[in-house]
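What follows is a set of notes on a single structure, which appears directly below.
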Amino acid sequence: MRPQSLNFITGNKNKLAEVEAILGNAIPLQSRALDLVEIQGTVQEVSTDKCRRAAELINGPVLTEDTCLCFNAMKGLPGPYIKWFLKAIGPEGLHNLLDAYVDKSAQAVCTFAFSEGPGHEPIIFQGTTEGRIVAPRGPTTFGWDPIFEYDGKTYAEMDKEEKNRISHRYKALEKLRAWLQHED
Ligand SMILES: O=c1[nH]cnc2c1ncn2[C@@H]1O[C@H](COP(=O)(O)OP(=O)(O)O)[C@@H](O)[C@H]1O
Ligand SMILES: [Mg+2]
């Protein structure tokens with residue numbers, strides 16, 4: 001049986017707004033504003049552990065999400081540590097990191113994880129959008145949106161509907177949606 005509603009655990013208002021906009025009325029969505037502890041490791045390990053912790057805290061079914069920004073010139077870093085890099089050096093500083101490299105290509109990776117509750121192995125849904133790191137352009141409303149360029153525009157320069165049609169988060173949610181609709 002697939003879940004009939006989702007409890008999205010996140011402390012990030014911007015993420016929640018995008019998830020609400022993208023899922024629309026596909027499934028009833030609740031949310032709890034909790035900032036979850038994150039371990040070090042691969043994207044898979046970080047996301048799975050984050051979801052297990054949330055299931056234990058809530059003591060029930062949960063949906064969690066973790067976002068990575070991976071610079072190809074830096075072999076995928078900052079990756080899952082992007083939150084701490086962004087906090088310390090901001091979008092401008094992230095852009096400057098790539099001064100030393102010719103390759104400015106990057107991947108935005110969104111990983112949702114769903115667990116039925118404590119002791120249940122999380123199921124992973126991942127989406128990736130390929131882009132390029134540029135000097136900041138557009139409103140500074142959401143994280144590294146001003147420096148991630150896709151098809152000539154930064155995420156920050158796109159209106160919300162436009163971002164939500166091509167984003168890493170949209171692609172991951174499409175996989176979640178397909179799974180939710182599949183009865184078995
Ligand atoms: O779509 C996005 N555009 C720009 N910044 C984002 C996007 N998604 C996540 N971020 C930022 O990248 C970092 C991702 O880290 P993480 O997914 O662990 O955040 P969280 O703890 O706020 O849920 C955070 O600083 C978040 O604000
Ligand atoms: Mg993270």
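A Cβ is built for glycine as well, from the same backbone N, Cα and C atoms used for every other residue.
Per TrEMBL, the features are as follows:
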{"type": "BINDING", "residues": "10-15, K50, 66-67, 142-145, K163, 168-169", "note": "ITP binding site"}
{"type": "BINDING", "residues": "E38, D66", "note": "Mg(2+) binding site"}
H168 (ITP binding site) CB neighbourhood, other CB atoms within 10 A: 25
Those binding-site residues in N14, E38, D66 whose CB falls under 6 A of ligand 2, listed in sequence order: E38, D66
Neighbour-count leader, CB within 10 A, binding-site residues: E38, D66, D145: D66
Inter-residue C-alpha distance, N14 (ITP binding site) and D66 (Mg(2+) binding site) (nearest angstrom): 13
Cβ neighbour count within 10 Å of T10 (ITP binding site): 20
Fewest Cβ neighbours within 10 Å, where candidates are the binding-site residues N14, G143: N14
Candidates near ligand 1 among the binding-site residues K50, G143, D145, judged by a Cβ under 6 angstroms: G143, D145
Per-residue Cβ crowding (10 Å cut-off), top of binding-site residues N12, T67: T67
Binding-site residues near D66 (Mg(2+) binding site) (Cα-Cα within 10 Å), from K50, G143, D145: K50
Cα distance (Å, whole number) from E38 (Mg(2+) binding site) to K50 (ITP binding site): 6
